[in-house]
Amino acid sequence: MATSTAYREVLPAVPEWLNKGDNAWQMTASTLVAIQSMPGLVILYASIVKKKWAVNSAFMALYAFAAVLICWVLLCYRMAFGDKLLPFWGKGAPALGQKYLIDRARIPESTHRNEDGNWETVAPYYPMASLVYFQFTFAAITLILLAGSVLGRMNIKAWMAFVPLWLIFSYTVGAFSLWGGGFLYDWGVIDYSGGYVIHLSSGISGLTAAYWVGPRLKSDRERFPPNNVLLMLAGAGLLWMGWSGFNGGAPYAANIAAPIAILNTNVAAATSLLVWTTLDVIFFGKPSVIGAVQGMMTGLACITPGAGLVQSWAAIVIGMLSGSIPWVSMMVLHKKSALLQQVDDTLGVFHTHAVAGLLGGLLTGLLAEPKLCDLILQTDTRGAFYGGNGGVQFAKQLVAATFVIGWNVSVTTIILLAIRLFIPLRMPEDQLAIGDDAVHGEEAYALWGDGEKYDPTRHGWHTSASSYAEDIAPSPYTNGARGVTINL
């Protein structure tokens, strides 16, 4: 049997610059991040909403994942990570040709000062194809997080138009400005893995979209129970575990910074979940499973902008603050704010992602540790806690957040007002009343038998004989009293 060419030392598919370990980790990290969205958030969204919106909520996430990928390779990757067009935008172009994709990856974030004090670019040890897909998974999850604000009422056709437009005019601007060599990157603003690019932008844009789309039906706003709490936890678990790729892949290499980021990510998430749950018990008398999931999310979002740049004791501090400050904003300030009461943010994305992402970005400006910064940024960067130019770093973090917030409010508003000229942003009242069956012609769960709705004329449970038997031995599906059925 001939020896497989895959194991030869020198091959066209194994150029001398390729590090197989780095490439394998980057593809693994990409897959972990993709799993966060598909199936993670698809499952979470389908389960955390009222039953009549399960299919619609899952489809919004599924559609966004597919639409973002095609737009990404056709135009948007190079708008976010290509040659500079404007201080906040790259030159859009396809990322599809094999010459481009098999060449060594190059990104402005991999620059550092050499011994002469000059800046030079150090390329990752894998092909551009690995980087294009890795960054796609970040773009996709941003749109899916944003969707959480408008579940249960946004016209699906308006959503289908909104996804590519927001990707082009909002996401690529934040990504280029902070990661792709734009003005905020050049200025030295820190966003390790998306606290601003992903969480702050999705939370602010989600709140803005919720304002323009309008609220759910009054009955849905007043009572919106999850249709499957256990399945919701499965989706949340995929989101949490996938975050190891989210923050662990940000150094663009299988180096010592990656496991530090992964450890800090999990420490912060666990701390935040425990703090949120403790506050629920103190103020409401019982732990909430949904609250625990929200605490997990705020911890993950808050640690993201500094995951590889802070010490693990700082990750605990960040987790404590992310489990308490967003809890206060959601449970206390939300109820006292006329604006937040007016805007129907279905899943509270503003609190779990915008507040947590902003908090994490500012805390990074305080707690970024110089030696850890040198592992990744390779510049004299430090948080205010460590003296030096730390106070300046905190100010830069604050200014960058102001830009991200202003841009997303403005652009999201313009996009939705433009779409509204052609497509209503909100579903018609008849669809809002019925839900999935009216919007998609499909429902999440079979109500009877093999996907059929219950028809008493076609089944034998309600013949006179079965009714007599029910009187003698009540069905396990009732509470023992005739005619009073417990809904399972």
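From the backbone N, Cα and C atoms, a Cβ is placed for every residue, glycine too.
Listed in TrEMBL:
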TRANSMEM  24-46  transmembrane segment
DOMAIN    24-445  domain 'Ammonium transporter AmtB-like'
TRANSMEM  58-80  transmembrane segment
TRANSMEM  132-151  transmembrane segment
TRANSMEM  163-184  transmembrane segment
TRANSMEM  196-214  transmembrane segment
TRANSMEM  226-246  transmembrane segment
TRANSMEM  252-276  transmembrane segment
TRANSMEM  288-307  transmembrane segment
TRANSMEM  313-334  transmembrane segment
TRANSMEM  346-368  transmembrane segment
TRANSMEM  398-423  transmembrane segment
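Of the candidate ranges 163-184, 288-307, 313-334, 163-184 contributes the most Cβ pairs within a distance under 8 Å of the transmembrane segment (58-80). Spatially, the transmembrane segment (252-276) is not adjacent to the transmembrane segment (163-184); fewer than three Cβ-Cβ distances between them are under 8 Å for residues at least 6 apart in sequence. Same-chain residues lying 6 or more positions outside the transmembrane segment (196-214) and placing a CB less than 8 Å from one of its CB atoms are 138, 141-143, 145-150, 153-154, 158, 162, 166, 170-171, 174-175, 178-179, 189, 301, 304-305, 342-346, 349-358, 360-361, 400-401, 404-405, 408-409, 411-413, 416-417, 420, 425-426.
Between the transmembrane segment (163-184) and the transmembrane segment (132-151), the number of CB pairs under 8 angstroms, six or more residues apart, is three or more, so the stretches are in contact.
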